[in-house]
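S.K.: Attaching a single structure in structure tokens format; questions to follow.
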Amino acid sequence: MRSAKWRPYFFVAPAIIVFLVFFIQPIFYMIYLSFHDWNFISPDKTFVGLGNFKDLLSDPMFLEVIRNTLMYTFFTVLFSISLALLMSIWLNKQGWMYSFVQGAVFSPHIISLVSIAMLWMWIMDADYGLLNWVLSLVGLEKVPWLTDPNTALSSLIIIAVWKNIGYFTLIIIAGLQSIPKHLYEAAALDRTPPWRRFAKITFPMLSPSLFFLTIIGILDSIKVFETISIITKGGPLNSTNTLVYYIYENGFIFFKIGYASAAGVILLVILSILTLLYFKVLSKRVHYQ
Amino acid sequence: MAKIQLKNVSKAYGNNKKVIEDMNLDIQDGSFTVLVGPSGCGKSTTLRIIAGLEDVSAGEIWIGDQLVNDVAPGKRGISMVFQNYALYPTMSVRGNIEFGLENMKIPKAERKKMVEEIAEIVDLTEYLDKKPQNLSGGQRQRVALARAMVKKPDVFIFDEPLSNLDAKLRGQMRTELIQLHKRLGTTFIYVTHDQVEAMSMGDEIVILDKGHIMQQAAPMEVYHNPANQFVANFIGTPSMNILSKSMVEEKTGTITDERISYVGFRPEHAAMQVEKLAASGINLSCEIITMETLGSETLYLVNSDAGQFQVKSFQAPLVETKKVDITIPMDKLYYFDTQGNRVFVEDIPFQTPAREVRGEVLV
């Protein structure tokens, strides 16, 4: 019966091997690299202990990157979800116009991020852009959307919200439609005013959808890369430099692999903490049927 | 407490799909009225119109002496128990019961007292802080009931409340609801498709078909005196046997009353040869096709030259017998016209009355 004991391991081995080689190994390799100084080419990797982390945490630029990333994530998720919620309450009706608007709002989701970046570069161009042209029509001053450190991050948030909102709306509408109609009838017989009906029935019943959107929204935003790489390259004055772009910049432009790996480890820690938080704290307040 | 009146109420969905047509219905104050009918007959729609969950296309709804056509559901003094309970899944049992009271802005201390009193009555005290999904079907049913009762409504409305329960629990809840009605003395309106529920619970039954009231009367009246063929068929298990005029005439001679096209009798009124025979009746020699033994009674499907029909007998089942003689007593016959409406006759409407039977075996 010895063979029977090994059989299950034999069958799961291919999956385990793929998982170890392509998922687990790179993570450990990154952690290993973060303790070294390496320029990607030289055969020597100098062990520097926690040196990279010390440098990172004392680098004002890195702290700014962290701040940018958190601001970007927080406002992108906040506006995406709240606007999508308003949108879905408006669009959750029968009629061709509502379906049309739903489809139109969803369309950014199927466009590649690179195209979206190119499109918005034109829309937000300071001199020839669509937005500033519209502003000039109503007699307002031009806004340097992407070229001013004070507005660049907000502009990127607008683009992210524009892209997210359709998908978020779709998920929330699906959530709204799965709320049993008889609950609203019971609420009507219970003389429930509209605001209380939303707060006590609609919102709690939507919580699984909103919870899901918060998770994917945060993970997506923290890992933002394409739009920044194409539109602003982290500038102007580092004002749109976020964690993943910073890792890319240090690793593949400046070839400071150890330093970039250390930043990668910090990203890993942040994401792990967030994931744990969701499931420990948030899931207790979420209603699943 | 209030009586309810529907005056010429019609309800149509979309393009002239009429669900209810010109309905006039009076529900007495304090009555236990059951609306019963096959699916699609408009019983639930009628109920939802009374509750205010559906608008009417035409007509007036009166609750007490108030015209409520434009009154919001919550302000009609009505509580409703839904078929699937419609409990708020995100709230505890206490939250569910309390929700309507909070909306009515009842002070907290008073609310707490009311909820605890009701929980005591429906035996839910130890479950007050549980969520509905952790309760059994019967317990959820009681939460729904408590939520309806705590508002002290003028009218209770039940939309097939027992159909999600198993048979045993259903029987138990039936008794509990009858007791509840006795204790509260409030008007109960109850919708079901189950005629047993209708017969056993209601003090007034309204039988509906295709958006029209077929008959409104007390349960035994509906059983003994159906107004038409539909009611005769719908009430009673198995339903009334209906034979066509021509087939009956072969046995009895010409039927003198011209209005009559169909003759009906209840399966339990037909007497089999082994039983004590009725004084006078239509005699048929029949062949037993199937037999269902139900313990206290036996159902036979028999074939005669007047057609197929069912017989219910309380005698020991006839296992070996294939052929039986059956007598249908004259005074237990019902007559219907071509439209299926009941024809009431003074005398037995046969030219040559069937042979007198004197307790002897018939040929």
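Backbone N, Cα and C atoms are what each Cβ position is placed from, and that goes for glycine too.
Feature annotation from TrEMBL assigns transmembrane segment to A:9-32, A:70-91, A:103-123, A:152-176, A:197-219, A:257-279. Feature annotation from TrEMBL assigns domain 'ABC transmembrane type-1' to A:66-278.
Describe each of these features in terms of where it is and what it packs against.
M.R.: Outside the transmembrane segment (A:70-91), and at least 6 residues removed from its termini, the chain residues within Cβ reach (under 8 Å) are 98, 101-102, 105, 153-154, 156-157, 160-161, 164-165, 168-169, 171-173, 176, 206, 210, 213-214, 217-218, 221-222, 224, 242.
Within its own chain, the transmembrane segment (A:103-123) is flanked in space by residues 87, 91, 129-131, 146, 155, 159, 162-167, 169-170, 226-227, 230-231, which lie at least six positions past its ends and keep a Cβ under 8 Å from the stretch.
Only residues 6 or more beyond the boundaries of the transmembrane segment (A:152-176), in the same chain, are considered here, and those with a CB under 8 A from a CB of the stretch are 68, 71-72, 75-76, 79-81, 83-85, 87-89, 91-92, 102, 105-109, 111, 113, 116-117, 120, 124, 145-146, 202, 205-206, 208-210, 212-213, 217, 220-221, 224, 227-228, 231-232, 235-236, 239-240.
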